[in-house]
Amino acid sequence: MTERTGKFAGDNPFTIAESWLAEAQESEVNDPNAIALSTVDADGMPNARMVLLKGVEPDAFVFYTNYESAKARELDGAGKAAFVMHWKSLRRQIRVRGHVSREDGDAADAYFASRSLKSRLGAWASKQSRPLSSRAALMAEVAKMTATHGTNPKRPPFWGGFRITPVEIEFWADGDFRLHDRFVWRRETPQSEWHVTRLNP
């Protein structure tokens, strides 16, 4: 493959990402929207964890979390992050690097309202990333939040989304004999024009 044809075709990397994700939703056994999110702490020590991508916007990727969690503190502190989506069923992956901002308005409210009642109550109950004495203590907090918020809990003030606005997106597809296909989209700033380059495997 010498041109960006087939699975790599298109003038918008977000459209390509949406297309690959749609294919993965048909073929991947579990959590096709899982991403390995990488951050760094105040000392520059890297961290990584799996989270679920919840939206591909026209210029950003969106996920939701507890704003008091370790990941949120690191995202707020650095203002930058990276993630990778990898699908064994498709033998493809997407790598993203970019700037981070909060998604803390109507979109966050709407997504929170779409979650199951137990998930919404769990968001209120969990003091994410902090020490927990026992699972029984966690379930007691869930019961307390159930009594407090009933069947229609609003979004907690400490819970919401993050938008990663990329300056780099790489699309990778497996090739025979490890001769993979790689195309990277880069721009200087989120407002700049994209430039596409084929990379060696």
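Just so you know, glycine gets a Cβ as well, placed from its N, Cα and C.
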Swiss-Prot substrate site partner of TYR111, ARG115, SER119, ARG178, LEU179, HIS180, selected from LYS7, LYS54: LYS54
Neighbouring binding-site residues, C-alpha within 10 angstroms of TRP172 (FMN binding site) - of TYR111, SER119, ARG178, LEU179, HIS180: HIS180
Distant-in-sequence Cβ neighbours of GLN128 (FMN binding site), under 8 Å, six or more positions away: THR65, ASN66, GLU68, SER69, ALA70
Tertiary neighbours of ARG178 (substrate binding site) (same chain, Cβ under 8 Å, six or more apart): PRO201
Between SER119 (substrate binding site) and LEU53 (FMN binding site): CA-CA distance (Å): 16
Spatially closest candidate among ARG49, VAL51, TYR64, LYS71, the listed binding-site residues, to SER119 (substrate binding site) (Cα to Cα): TYR64
